[in-house]
Amino acid sequence: MTELVHTPLFGLILTLASYRMAIWIYGKAHSLPVLHPFLVASIPVIVVLPLVGLSYEEYRQQTEILSFLLGPATVALAWPLYRQLRTVRQVWRPVLITTLVGAALAAGISIGLAWWLGAPEPVVGSLAPKSITTPIAVEVVKSTDGFVSLAAGAVAITGIVGALLAGPVFRLLRVRDDRVRGFALGLVAHAIGTARAFEFGEKAGAFAGLALGLTGLVTALALPWLWPWIAGWLF
Amino acid sequence: MLDGLLILLLFQFLGEVVIHLTGLPLPAPVVGMVLLLLALMFNLPGGERIAEAAGALIRHISLLIFPLGVGIVLQWSRYQDYALALTVAVVLGTVIALVLVTLLLKWLMPAPPERPHD
């Protein structure tokens with residue numbers, strides 16, 4: 001019986017069933033950020049793997065096909081980006097400046113804090129792409145010599161924290177412009193922030209989607225060149 | 001769906017070709033994404049066929065990602081020494097970035113043409 005655990009079917013069924021349950025809970029909870037499927041779907045997997053004696057490395061091999069699809073999923077981001085580029089032509093200048101400065105800030109602040117608190121190079125490198133959408137982040141982290149797991153988790157938690165705090169932050173800073181709300185959410189909190197932005201309205205959602213795409217693009221194009229220089233300077 | 005997936009895989013492969021030929025230190029899927037974006041802006045014939053496949057992949061991105069994320073818990077011994085640095089960098093870093101980016105946008109964004117609904 002135990003050898004049945006060591007087929008890809010086991011890992012895939014466990015993964016899909018956990019995700020299905022997580023989606024159901026997320027829907028029931030009206031998309032509450034703390035119950036994001038990324039977190040909820042992880043729980044059954046984290047409990048079951050040690051129980052049946054399956055190592056994390058073997059589980060990763062069993063679910064290889066899902067990781068492979070992250071490639072085409074990244075390419076697919078061109079579609080929403082293309083659609084949203086057309087809707088925001090009038091404000092391309094603030095959008096472009098904020099993307100460049102904001103992407104540098106989001107990455108720089110997390111790099112700086114982690115480094116200051118004594119994290120070693122691969123851990124800091126894993127946090128550098130934390131504000132960009134996960135499929136791009138797990139690609140970029142290969143060029144910053146970070147851990148894929150840590151990057152995926154940091155990205156998810158960044159999204160959740162950003163989505164949870166957006167309401168209070170916007171109230172405190174007296175932001176009523178949906179374009180500002182949406183763009184800030186998408187830039188800092190990627191897809192989870194974009195889902196939150198749609199609750200402010202269609203326009204906020206479109207700006208969030210645009211910010212998500214542009215920030216991912218800018219970070220992915222810049223960080224692989226800059227990282228050796230940053231790492232050489234810090235470590 | 002099938003056409004869309006084929007186009008996405010072709011562009012990812014094109015990204016691989018570009019990386020292979022130029023030796024650029026960039027992720028191949030990101031290069032594929034840029035090439036597809038350019039193709040769409042220059043009116044790639046049949047471009048709208050991507051919509052279905054792209055939508056399905058993006059909607060279920062969490063399914064593709066969380067098997068990587070569980071590694072944080074299952075390999076915690078690798079990260080536990082840096083728990084404080086990780087928590088502060090991720091949580092506080094996100095708050096600071098959100099505040100700064102919002103202030104920057106408020107300052108740069110021209111007043112909206114119509115009254116914003118609140």
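Every residue, even glycine, has its Cβ placed from backbone N, Cα and C.
Because TrEMBL annotations are produced automatically, they should be read as predictions rather than curated entries.
Given the structure is predicted, the values throughout are model-derived calculations rather than measurements.
Copied over from TrEMBL, here are the features:
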TRANSMEM  A:6-27  transmembrane segment
TRANSMEM  A:34-53  transmembrane segment
TRANSMEM  A:65-82  transmembrane segment
TRANSMEM  A:94-117  transmembrane segment
TRANSMEM  A:147-170  transmembrane segment
TRANSMEM  A:204-227  transmembrane segment
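A Cβ distance under 8 Å defines the sequence-distant neighbours of the transmembrane segment (A:65-82), meaning residues of its chain 6+ beyond its ends; these are 8, 12, 15, 133-136, 138-139, 209-210, 212-214, 216-217. If one looks beyond the transmembrane segment (A:6-27) by at least 6 residues along the same chain, the residues whose Cβ comes under 8 Å of a Cβ in the stretch are 35-37, 39-45, 48, 52, 54, 58-59, 61-66.
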